[in-house]
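These notes concern the structure reproduced below.
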């Protein structure tokens, strides 16, 4: 074969390799030795969340291949079937047979800890769990050092549920959960919720264990029988703690047929169900009208998410054409995508032979902005928070919303109702400054009278007498007679001041107890106006008319009647003259008392000085007389002189 012919045969291959290299990485060379990393995945293909996780992980591997010049990833996926035994066998297959270096899956910490006692390779393999909500006992951190949780902690979910129950003051609830296998800590979740509900004066009166759809022959009959039992009991508040979307759809369909979605019934769902409601058809949402729930919020406006959403819809629709119309990604898809990137970045940092310890350390140190939010691990768990659900006018036609868990900034314009009780209504008769000045003046007057009288009046002895005197003068019940004209001068204007203040206090207190006060209220539960008013308010906000109304009314000086009533406490102004008169006389009396006290101290000091001076002269005379009678020449002379003296 001629060299020219060989060149033309090889040229198309070179051009194809060049195009592939440009597509695979940014300015990667044609000959690049890529390190291959193997990632395993254990997901439930029969669930909506599992399907989204499968598509998202495949997209993450494709995106990483295009961006990396040194690392190549292979993804090995296994179906868990929603069963713990299948999860264990699938995980063992990935680690032992397919030699994966890290696993992403829906296994819980309890399942992994139990299976790791049988297979030590599972304990030494970095695992990212996508189970939501997550419950991880403290001991699991030491037992499974390479086990990471890519979801919010269960405590945050239970706190949201408790806040909803406490807001509406429901005293008893019924907990429902899907019993998928024997290793999940559902009892721990129920116990945690019970502890949270105690803080809001509520309790779990009953709980129901719902079998998974795959474990029963006729799930419709099973759910219907369970709902009949729940309907026969007195409690009407139900919390669906743990459930797959498929079971929840059937549950609410049957509840709607049995008229358990109407008035007097309350249903609450968690993030596990609420986050998937954007991916179901309108008939499912219709059956769930009136359900209260919360879900994790994520940014939907960025260019990165919009590109991901478009590609996800195309890929998901091609793999599952029967669900193409409802192929929007949920938080479960975003977390699976970000989890794959966490492992890919950690493998890239290793740059060679990858060990479990090094790979796990690189994964724990990962900090980046993912599609689900900021990805950062703390104590082997995802450091994240529950966000509020965006309420839009078009969504309001399909789903009922409660007030978001996070402050929404919305202001409600509502009617008012009578306020019946206040814990500190007695203290609101006067302002804080008035109370402080009254206490200060009262203590000062009592102390001043005590200082004036204590020297000449035996009734004013001790600090306790002064304090009791300060109390009794309020009720004009003091029994100690005053002997000094100065103390009478100081006390007279203050007694008149007390008379005026007590009369004002009585009048203000009577007014506060008889005049009704106002506070905001909302529409009564079940009011036909509530839905229409809420929808109209949302349309006004989205159209910008609310901003125009705010600007139009910004110059008006409107005051709230409730706010005005809270500021009716008497201040210093009505009593300013009496305070000035009493304070002036008290100041004059204090100067006189200080002058007298100083004079007494001066006289006492004079006598003490004279006595001290006389003692000094007497002592000096004695010393001089002793000195003149002694002879310091010899010791013998001293002894003779002493003898003669005797």
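The backbone N, Cα and C atoms fix where each Cβ goes, and this holds for glycine too.
On a predicted model such as this, the values are computed, not experimentally measured, just so you know.
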TrEMBL annotation (transmembrane segment) - matching range among 489-509, 510-530, 531-551: 489-509
Annotated transmembrane segment segment (source TrEMBL; candidates 378-397, 398-417, 458-477): 458-477
Mean of pLDDT values spanning the domain 'Receptor ligand binding region' (54-382): 84
Considering the transmembrane segment (434-452), which listed stretch of 237-253, 489-509, 575-595 counts the most C-beta pairs under 8 Å: 575-595
